[in-house]
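A short worksheet on the structure shown next.
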Amino acid sequence: MNTNQIILTNQNDNSVNVWSNVTQDLYNYYGEALYNSWFSKVNFIESSLNTVILCAPTNFIRDWIKSKYSVVILQLFQHYNNAIKTVEIITKELPASNQATLELPTKTFADIGSSELNSENIFSTFDIRFTFDNFVVGAPNELAYAVARAVAESSSAVSESNPLFLYGGVGLGKTHLMHAIGWYIKQNNPSRKVIYMSAEKFMYQFVKALRNKEVMSFKEKFRSVDVLMIDDIQFICGKDSTQEEFFHTFNTLIDNNRQMVISCDRSPSDLDDIEDRIKSRLGWGLVADVHSTTYELRLGILESKIEQMNVKVPKDVIDFLASKIVSNVRELEGALNKVIAHSNFTAKEITLENTQNILRDLLRSNERIITVEDIQKKVANRYNIKLSDMSSPRRMRTIARPRQIAMYLSKILTPKSLVDIGKKFGKKDHTTVMHAIKKVEELLESDLELREEINLMMKILQN
């Protein structure tokens, strides 16, 4: 069977259309490889009253889909028909005469024209995996989460945080929050027009509109929405024509009390090769950063993911992943998925030794061993204090604060215990280290300048 096709039984048009939409969503959410491995081999049998019946080609595929994807599939069916309460998956042969072939839609969001902005197709551009309910909140992201939720739940056309500007490193949750905003609005306010798009796609569509002499349609498409979300705005740096169009789109939407949500890998003030008037406007509303994960947040993310997947992972494996995969959430979840998939396909138990072997190449490629000594040197240099001050008993604020920051970074960036960290700082006990970490975490909640300072030092140390 063509991997871009789905086999359907002869059903009424509505059933066929719903199944077509569900398969397109599954394809978008999980990607071509996973879709072709599991969902492309599933047949739609019938829907009656509140039950949908699907057919898998083997017991193994049936059981795998039931255990891993049944909740997602049911949610997708319920989006298109909320009367559906159950999805059953069976295995049996279908007579060829009862089968009809439907090409899997290949249209991407970038291909949607202005005439389709009112359609529910836009709903399917939001990833069902990225909701507020499954976003793990911790000190590094709680402000961004709170304001994103406030924007989504705002009863007025526009929130007080307009525009909302989210910034932080790759894979830390900015895109998750943007999808969560989109999902929430479309579920609770389906009449509102919402566009989510990367800045790169915005530019490509603008160039295409110029080439095809469809600039007015382009303007109408983006300036008539209720909520416009642009991801990775740094992409338009140095692209003068795109900046000009974005500037006027921004002004039109803000003037008309329409909500804007922007994400970036840095704060507005740190953007280079972008017009000052755009920089200024990006900071008009609320600027919230999503900074690097803490060990505790990584633990929470792993535990949440494991619960969603309904699998058992030993605590020492979870601790190992949280300690070693520190770069971003995306890589952390990818490592967990790889370990679980290896166990499922090889029937081998998930153990620390197996995990280390499975992730050997990943760990080696990301191996930037950061030591407490590295951190002490970097922080001492940053704050113009002597390296010896890191282990001295001196309590002057100009020395104590950098020392606390170094302890905080040591906890985040190294696998060292509080006791071991304390030994590196003049044989301080673990309660002193704990107090320092807590103090810095409290400061990070309110001190934007300190947050940016620590984020910068973390990037330097990790790179």
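Each Cβ is built from the backbone N, Cα and C atoms, and glycine gets one as well.
From a predicted model like this one, the values you see are computed outputs, not experimental measurements.
According to Swiss-Prot, the region 'Domain I, interacts with DnaA modulators' annotation covers 1-84, on the basis of sequence analysis.
For 84-124, the entry in Swiss-Prot reads region 'Domain II'.
The average pLDDT the prediction assigns to the region 'Domain III, AAA+ region' (125-343) is 88. What Swiss-Prot lists as region 'Domain III, AAA+ region' is 125-343.
Swiss-Prot lists Gly171, Gly173, Lys174, Thr175 with the feature ATP binding site, giving sequence analysis as the kind of evidence. In this structure, Thr175 (ATP binding site) is part of a helix by DSSP. The Cβ of Thr175 (ATP binding site) lies under 8 Å from the Cβ of Phe130, Asp231, Ser263, each on the same chain and at least six residues away in sequence.
Swiss-Prot lists 344-463 with the feature region 'Domain IV, binds dsDNA', giving sequence analysis as the kind of evidence.
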Requested in this report: Give the sequence-ordered list of residues that share a chain with Gly173 (ATP binding site), lie 6 or more positions from it, and have CB atoms under 8 Å from its CB.
Outcome: Phe135, Asn141, Ala144, Val290, Val329
Requested in this report: Within 10 Å of the Cβ of Gly171 (ATP binding site), how many other Cβ atoms can you find? Include all protein chains, please.
Outcome: 18
Report summary line: Across the region 'Domain IV, binds dsDNA' (344-463), DSSP yields 88 helix, 0 strand, 32 coil
